[in-house]
């Protein structure tokens with residue numbers, strides 16, 4: 001019932017809900033980034049290491 005939705009905020013503290021939502025989104029963002037860093041295709045930090053190792057191995 002749309003007209004009675006405001007009563008939800010009488011039960012739940014809006015500050016607590018906003019802090020909880022922000023904390024959850026932060027944890028979710030970190031989780032997604034670490035999952036991507038764990039893959040070979042989407043790891044944006046170690047992109048040049050394999051190419052440098054392959055070049056060094058080919059020159060040796």
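Cβ atoms are placed via backbone N, Cα and C, with glycine included.
In the predicted model, the topological domain 'Cytoplasmic' (1-16) shows an average pLDDT of 88. Taken from Swiss-Prot, the feature topological domain 'Cytoplasmic' covers 1-16, and the record attributes it to sequence analysis.
The transmembrane segment annotation in Swiss-Prot covers 17-37. Counting only same-chain residues 6+ beyond the ends of the transmembrane segment (17-37), those with a CB under 8 A from a CB of the stretch are 43-45.
Annotation source Swiss-Prot lists bacteriochlorophyll binding site at 33, citing sequence analysis. Neighbour count (other Cβ atoms within 10 Å of the Cβ, all protein chains): 12 for residue 33 (bacteriochlorophyll binding site).
Per Swiss-Prot, topological domain 'Periplasmic' is recorded for 38-60, and the stated evidence type is sequence analysis.
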Residue counts (helix, strand, coil, in that order) that DSSP gives for the topological domain 'Periplasmic' (38-60): 11 helix, 0 strand, 12 coil
